[in-house]
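Asks: Features from Swiss-Prot:
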- Arg87, Arg97, Arg121, Asp211: substrate binding site (BINDING)
- Tyr128: site 'Important for catalysis' (SITE)
- Lys178: site 'Important for catalysis' (SITE)
- Asp211, Asp235, Asp239: Mg(2+) binding site (BINDING)
- Gly271, Ser272, Ala273, Pro274, Asp275, Ile276, Ala277, Gly278, Gln279, Gly280, Ile281, Ala282, Asp283: NAD(+) binding site (BINDING)
Amino acid sequence: MKLAIIGGDGIGPEVVAQAVKILDVVLPGVQKTTYDLGARRYHTTGELLPESVLAELREHDAILLGAVGDPSVPSGVLERGLLLRLRFELDHHINLRPARLYPGVNSLLAGKPDIDFVVVREGTEGPYTGTGGAIRVGTPNEVATEVSVNTAFGVRRVVQDAFERARQRRKHLTLVHKNNVLTYAGTLWCRIVQEVGEKYPDVEVVYQHIDAATIYLVTEPSRFDVIVTDNLFGDIITDLAAAVCGGIALAASGNIDATRTNPSMFEPVHGSAPDIAGQGIADPTAAIMSLALLLAHLGEDEPAARLDQAVASYLATRGNGRFSTGEVGERIAAAL
């Protein structure tokens, strides 16, 4: 296995370092290459993602990313020039976000809710393509448009992946959209889900409007198994899902090219948190959980399962203790 490692900004290098230590325990011998991409490189060279580096990244089996973003760089520069460019250049059309409430983790929801689902979010279309514009800017008659692009090809490949995941889980798929208002895109999504669903008679399919889905994520999260949705709605509900599962410090994600033509990229959902960078207090759990997703994606099912069990064991026994970044890594390694 050839793994590219991008620590990035803020606490990114710190949490990724712990994930790499865990990797060496659970799967020794992985070939690792570290890339200096982020604010430091941008300030030094003016580069965000050189073509030569992008070409090298393509030669790896997967990418492990820490975090991107720094207050010394104008907002959006690193995010668009590095993070989003990686996703689009490497065709990461699936954003995978598991949502699970582990034993020992407190939820904002009352009681002990049963939460274990996964969101399959389309990652390269919708309103995130940069299609749109503005006229008469700065005048009382300014007009701004943001176009949501949805293609049959793009929707179908994401829906196909979601059905496959549902078949391997509890065989229940929920399409989340807003087809009563977004009629063109909504009709496309509904039709393709229906067409693909004919090949999966064992998977139950239901539809929910995005506003209803946000209610049920809070009031009855156990009804969800696999959620498939577009880029914007997925962006919103995945953060809500993280909030009810213990917060983004425990949220892992995968940006996946399901064709495996390009390396997929795995990262914790949390940001770079520059205010605590270098203090040794950042929680690396989400980065380590992202490593488990990476291993599973590459077919390393046994190490991935062991790592998931080790994380669960750590979370179940940590209590209210506050541990340093290194201590968390050590405890999960010990659980392995």
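Any Cβ shown, glycine's included, is placed from N, Cα and C.
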Asks: Within 8 Å of the Cβ centre of Asp211, Asp235, Asp239, which other residues of the chain have their Cβ, at the recorded Mg(2+) site?
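Replies: My list of surrounding residues reads Ile210, Thr214, Leu232, Phe233, Gly234, Ile236, Ile237, Thr238, Leu240.
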Asks: Just going by other Cβ atoms within 10 Å, which of the binding-site residues Asp235, Asp275 has the emptiest spot?
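Replies: Asp275, out of the binding-site residues Asp235, Asp275, has the fewest neighbouring Cβ atoms within 10 Å.
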Asks: Among the binding-site residues listed here, Asp211, Asp239, Asp283, which has the most company in the form of other Cβ atoms within 10 Å of its Cβ?
Replies: Asp283
Asks: To the nearest whole angstrom, what is the C-alpha distance linking Arg97 (substrate binding site) and Ile281 (NAD(+) binding site)?
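Replies: A Cα-Cα distance of 24 Å.
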Asks: Around Arg121 (substrate binding site), how many other C-beta atoms are within 10 angstroms of its C-beta?
Replies: 27
Asks: Write down the Cα-Cα distance for Asp211 (substrate binding site) and Lys178 (site 'Important for catalysis'), rounded and given in Å.
Replies: 8
Asks: Over all shown protein chains, what is the count of other CB atoms within 10 A of the CB belonging to Ala277 (NAD(+) binding site)?
Replies: 18
Asks: Tell me, how many other CB atoms lie within 10 A of the CB of Gln279 (NAD(+) binding site), whichever protein chain they belong to?
Replies: 12
Asks: Let me know how many other Cβ atoms fall within 10 Å of the Cβ of Arg87 (substrate binding site).
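Replies: The Cβ of Arg87 (substrate binding site) has 18 Cβ neighbours within 10 Å.
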Asks: Quick one: what's DSSP say for Ala277 (NAD(+) binding site), helix, strand or coil?
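Replies: DSSP call for Ala277 (NAD(+) binding site): coil, neither helix nor strand.
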Asks: Sorry to bug you, but what's the C-alpha spacing from Arg87 (substrate binding site) to Ala273 (NAD(+) binding site), rounded to the closest Å?
Replies: 22
Asks: Between the Cα atoms of Asp239 (Mg(2+) binding site) and Arg121 (substrate binding site), what distance do you get, rounded to the nearest Å?
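Replies: Between the Cα atoms of Asp239 (Mg(2+) binding site) and Arg121 (substrate binding site), the distance comes to 12 Å.
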Asks: Using all protein chains shown, find which of the binding-site residues Ala273, Ile281 scores highest when you count other CB atoms within 10 A of its CB.
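Replies: Selected residue: Ala273.
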Asks: Near the Cβ of Lys178 (site 'Important for catalysis'), how many other Cβ atoms are there if near means within 10 Å?
Replies: 20
Asks: Please name which of the recorded positions listed here, Tyr128, Asp235, Gly271, Asp275, Asp283, is nearest in space to Arg87 (substrate binding site), Cα against Cα.
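Replies: When the Cα distances are compared, Tyr128 comes out closest.
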